[in-house]
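A.B. asks: Let me begin by handing over the structure; questions about it come next.
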């Protein structure tokens, strides 16, 4: 028995007799490709090619196709090729293979790179416009849902709202407090380290207080919530979309915005200011600890300096931004979730998009607020 | 080679599978002959899919032996794709790969061959399962249910495995598509000499395609044989299955 496939070529004048032997199967594909290449020139020279199949011990689709390809190569431009000595149990497979790969689709021409680049640019511009439209649509739908709830307070999904508050508010407290605590401590350390050179250490407290209350507290918390809860919203709504749950809701005459999205966004709008407050306190506490152990400033002095340096205005500026940031995060997360299409890949892509987009918008919004508060003198 | 190895593609002996305290398969024995199409029927949630998944090594067994092509199975190492092809119920196509790459995947992972030959083989397989070359560049999300099953079948057959497992191949297909699929499986089984293990609820498939039918009830194979014999079976569950209103109607219409 042969364990290696062979291909014997016996030319006689114009004719060529090819005799494949042994197992012509996928396991020997390397040998098969070499063999079929090696007889290629002979096949092109001959007018009549006979493939004597009687020596083949095993045949599968791959082997049959390699042979069929040889016979097709031989049968071009008025020349001929035929299979002889085909065993009964191989004939079905050979017949099957003879039918395939007859209509190779014309290869699509590679697009002009300049045009392709321009096309991409145009497409992303159109996409950006669509993003704005979707954002505004979602804002409008939420507004209508709020009006609906105000008209019929019983239609508020209280259970869902409380559950979402627990998930994105209560359960987020430890990590939010830890991170803002560390950020506060790091800022205070940097302040003491650099201000010490001009003997302005006591101003570190002003810096920590203003920075944390006005900007950093809310920004860090919003970014963390976008990563933690925004992505969860997108993934949840996306998989509901994939499993047609949202379609099921709509066909029952219920509004998915009111049932699924409003409680989620409302929970964010309520939770983010609270988390910001907790985060700011944790950051000030972190700063205080550094002041005591690194800056040689006791708690009493730290608190007294803090009292002088900051006012309620600073706190208001920070906390006022929180609900708006929550709204942006919620809307982006939910609308990206609804844009998920059938595949798992699309779910992953939308979740990434949701997080990137909401962090970007949170920072842009923070910039706009900075201009706004500066111009009204807060 | 001894005789038993020649005759049977799959031999299951005293198989016990359970989850927690619940025993799903209770000392089950089953032989699948080489080159036959065996249909497996059973109640929903009765362990049909569990049996199939245990044979292919996705579910650990608590007792018993399973031999596939004369070799005892133990997990699924590399090269499993050359032993068997599996058509999962939902197709289980890789969603990030185009149809062509899905079919090429087993070839690419198991063999060393040129891209040209790989493309030709993929198209050949797709055409054998009744798709067109133009479909090769679509992604799984763009396919209809019937096409998904066909692509999944093409992928399962990519390496010409001797055994093919089908998990409810016709579920979710319209009767015409289901009929086509049955015919396709019969044709492929004849041309490639496959052994087919098919879990199905489709009575039409059972009657037209399967050489033998095995009935799974209470964790055991309670009846096995050609459809004619199963219709004569005295086992209460088998009687209820094949002589219920729906089944009777179908059988009458077939006569």
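Count begins at 1; order follows the chain as displayed.
Keep in mind that glycine also has a Cβ here, set from the backbone N, Cα and C atoms.
I grabbed these lines from TrEMBL:
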{"type": "DOMAIN", "residues": "A:33-100", "note": "domain 'STAS'"}
{"type": "TRANSMEM", "residues": "A:134-151", "note": "transmembrane segment"}
{"type": "TRANSMEM", "residues": "A:172-195", "note": "transmembrane segment"}
{"type": "TRANSMEM", "residues": "A:207-227", "note": "transmembrane segment"}
{"type": "TRANSMEM", "residues": "A:265-294", "note": "transmembrane segment"}
{"type": "TRANSMEM", "residues": "A:314-334", "note": "transmembrane segment"}
{"type": "TRANSMEM", "residues": "A:355-376", "note": "transmembrane segment"}
A.B. asks: Is it the case that the transmembrane segment (A:314-334) and the transmembrane segment (A:172-195) touch, counting contact as three or more CB pairs under 8 Å in which the residues of each pair are 6 or more positions apart?
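C.D. replies: No, the transmembrane segment (A:314-334) does not contact the transmembrane segment (A:172-195).
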A.B. asks: Would you call the transmembrane segment (A:172-195) and the transmembrane segment (A:355-376) in contact, using three or more Cβ pairs under 8 Å, pairs 6 or more apart in sequence?
C.D. replies: no
A.B. asks: Which residue counts does DSSP give the domain 'STAS' (A:33-100) for helix, strand and coil?
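C.D. replies: Secondary-structure composition of the domain 'STAS' (A:33-100): 41 helix, 14 strand, 13 coil.
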